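Over in TrEMBL, the protein carries these features:
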ACT_SITE  A:ASP52  active site, nucleophile
BINDING   A:TYR110  substrate binding site
DOMAIN    A:8-104  domain 'Pseudouridine synthase I TruA alpha/beta'
DOMAIN    A:145-254  domain 'Pseudouridine synthase I TruA alpha/beta'
Number of protein chains: 2
Amino acid sequence: MRNIKMQVSYDGTAYCGYQIQPDQVTIQGKLEEAVSILTGEEVHITSSGRTDAGVHARAQVINFLTRSAIPIERWCLAINSRLPDDITVHTAEEMPLNFHARHDAKQKTYRYSIHRSRWPDVFHRKTRLHHPSLLDIDAMRRSLRYLEGEHDFTSFCSTRTSVESHVRTIFSTSVEYRPEPMLGDGEAGVIHIYITGNGFLFNMVRIIVGTVLEVGTGKRSESEIKQILDARDRKLAGPTAMAHGLTLWEVRYE
Amino acid sequence: MRNIKMQVSYDGTAYCGYQIQPDQVTIQGKLEEAVSILTGEEVHITSSGRTDAGVHARAQVINFLTRSAIPIERWCLAINSRLPDDITVHTAEEMPLNFHARHDAKQKTYRYSIHRSRWPDVFHRKTRLHHPSLLDIDAMRRSLRYLEGEHDFTSFCSTRTSVESHVRTIFSTSVEYRPEPMLGDGEAGVIHIYITGNGFLFNMVRIIVGTVLEVGTGKRSESEIKQILDARDRKLAGPTAMAHGLTLWEVRYE
C-alpha cells in the first residue's frame, strides 16, 4: 500500500463544493473518478477540509491510499489528463502510511479577494468580489488584528454548524492592496485579505470578511470587531461575504 | 440626434464573436438589446471592428445614434444594469454626429497572453494559452520586429477572407514576460505579446502568434518570419493560435 499526497488547484465556480454528495458535481467526486480510472481501484480521497460551493483553491491538499505501482513523478500528468480543465494537480508526493491530509494539517491560509472599482472586472468576476465604493484599507487591516490569537469565534460562525468547540487560533492576518487602474476608473484596485489559522469554522472567513467590509465602508468602527467577538453571537457580525471571492491558499503540515 | 461613444470590456468565452448573427449569442446582440431596452428605440451599434468567437476585449469602442435625453454620466450604470456580467461598459462620451467607431479608428492594439508552465492555470484558463514547454522570449521579441512597418500580410491572413488589400502597417510590437511561480513549477510565467497596427486582417494576430511560438520553441529561426512575410503564402506561416489568449486591448482615434 502507498499513501499519495497531492496539491490541487481548482476554480470552484462550477461545483457544489469540495465534498462529495449524491447527484451533485463536486471536486472530490471528480478527483476520485480520475484516480479510480487511472488506478483501476475504488479510491477514497481525504482532503485538508471541505470548501463551500463556489469557493476556489490554489493549494488544496489531498491524500489517498493505493496499490498502484505508477512511479511518483508520473502521477500529476496522468491524473490531469483525466480531470476537467478547472481542476489541476500540481504536486504528488509519497508519504508514510499514517499521513492524513485533515488530521495532520497544522495551519491553513485563506485569501479573500475584492475588486474595488466603480465598474465590475469581467476577467476576474468569478474570483473577486466587486465592491463599488471606497474602502478604508488601514481600518480593515487594524480591525482584523483584534481576531488574532485564540478565541471563541461563535460570532463568526454559521449557526448551521454542529461542531462542539468554536475555539480556534488565528495566527496572522494581512491586507494587501494593489492599484489596478481600469478604463473609466483610475482609482480601481484589488484587495487581498489573508487569514491564517489552525482551523476555521463553517463560513468563518466569509463572515469575518463581511464584517471587515463594514469597517472598510465606515458603517462600523474598527474596534467593534472586538465587541462582536466577545459577545459570541452570530447576529452581531456582518453578512456572510459571497463565496466566489474566497480561495483556500495554503495548507501547512509539520 | 446624439452620437454616443463607449468603451466596453467583455469576456468572449460564452459568445459566438462580437458581430451579430441570426440565432447566435453575440456581444453586439447583447449590447443592442441593452441599449434598445434602455432607450425604447431600435438601436444599431457600430464597433471598431469585430472580434472572433472566444476573443476578449479590454477596450472595444462602439458608437450609436440615439434620440434619448439621458444625461451622459448616467449611461454606463444604466446599460451595465441591463447587460450580462461578462460585458461591462466603462466610459460614455458624446461625440460629433459624424464620429464612426470603425472608420475613424487610427490604431489598434491586441494583446495575446500565454501561461508558460508545466501545469495549466485554472484561474486564467479562459484568457491565457497554456504552453507547457520553455520559450525563448528574446527570439520571439526579435522575430516580431521583422513584421513592423507597412507590409503585405497575406502570409498571416486566413485564406477565408474577402478583403481586397492585404497591406497593413504594424506600428509596434512588444513581448512582456513576468515570472509567476506556481505550485509545482517555480519557473512558471506569463507572456504578453502586444501588437499595434492601423488595422488587422482576419486571424492576423493569431497567425502571427502561432508562428512566433514556433520561433520560441526553436522549431523555426527568428529570421524565417521575414521569409514567410515576403512569400505572401499562408501555408508557410504557423498555425492559428487559439482564440482565448487574444484580447482587443486598445483602439485609438485622432
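Glycine is treated like the rest: Cβ placed from N, Cα and C.
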On the three-state reduction of DSSP, what should I expect for A:TYR110 (substrate binding site)? strand
Could you round the CA separation between the residue listed as 'active site, nucleophile' and A:TYR110 (substrate binding site) to a whole angstrom and send it over? 13
In three-state terms from DSSP, label the residue listed as 'active site, nucleophile' for me. coil
How do the residues of the domain 'Pseudouridine synthase I TruA alpha/beta' (A:145-254) split into helix, strand and coil according to DSSP? 31 helix, 35 strand, 44 coil
